[in-house]
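Visitor: Sharing a structure, written as structure tokens. Questions coming.
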Amino acid sequence: MALFRKKDKYIRITPNNSLKGSVSHNVPEVPDELFAKCPACKHMIYKKDLGLAKICPTCSYNFRISAQERLTLTVDEGSFQELFTSIETKDPLRFPGYQEKLQKAKETTGLHEAVLTGKAMVKEQKIALAIMDSHFIMASMGTVVGEKITRLFELAIEENLPVVIFTASGGARMQEGIMSLMQMAKVSAAVKRHSNAGLFYLTILTDPTTGGVTASFAMEGDIILAEPQSLVGFAGRRVIETTVRENLPDDFQKAEFLQDHGFVDAIVKRTELRDKIAHLVAFHGGGQ
């Protein structure tokens, strides 16, 4: 009955396996380090167009930057003197994988811990400076972070210096348990002693500043500045919505929202922070 077989609707083509992979060899590869995708506007940006400040040319989004990059943008060239580098992070709870995570963070960032501390000059104004780096385990606050910031305030009291801190953190470091949480009280006590000495303390909130850092020294500055659109809060958005059973505003926990509600004194563009810091330090007695 082959004479009455229905004809196929489509022509059968046998694939040529020898052609497999030949196309991919002709497609040019673009190195990942050449471009960055803006988290806000989703545009692909040639990294050189971001500039030293790493600001999106399309929507002005502030990319997260390292402590070293922040240092370059802020202080007078060659003026930074790093302090407290000998303090080593321990693993008191023998938390699984913690030592490996610490080692990887050190290799990736070039830092000893999540905060860079020292003395520096900003437009000839001498300050005690701390810069938190979210690339180091999300700048979570462990015992060493708390100790370095506490010692910075104590040094500032001895040398009659204003303190400037760039905050960025995911909160307390869970791998260190209650010892991490105790840093909130320890640093806050140091802030109070510095304030009692009549010295100026300036905080700059950067993206993200959350958890125990927000609940302690980040919000204790005499003046609190923030970079545009920085995420600032204590608990996460979903946790709050689940707890209160309400939908939160779209801009909730953004720096602009906090300014509107009196928690932030001013939103300052990254490119203008250096001038603003120098002006505020000089206005409040200066650090000479």
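Note: Cβ is positioned from N, Cα and C throughout, glycine not excepted.
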Visitor: Among the residue ranges 38-59, 148-169, 258-279, I'd like the one that Swiss-Prot describes as zinc finger.
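Guide: Comparing 38-59, 148-169, 258-279 with Swiss-Prot, zinc finger matches 38-59.
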Visitor: Have a look around Cys38 (Zn(2+) binding site) and count the other CB atoms within 10 A of its CB, chains all included.
Guide: 18
Visitor: Check each residue in the chain of Cys41 (Zn(2+) binding site) that is at least six apart in sequence and keep those whose C-beta is under 8 Å from its C-beta; list them in sequence order.
Guide: Cys56, Thr58, Cys59, Tyr61
Visitor: For the recorded Zn(2+) site formed by Cys38, Cys41, Cys56, Cys59, which further same-chain residues have Cβ atoms within 8 Å of the site's Cβ center?
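Guide: Those within range, site residues removed, are Pro39, Ala40, Lys42, His43, Ile45, Pro57, Thr58, Ser60, Tyr61.
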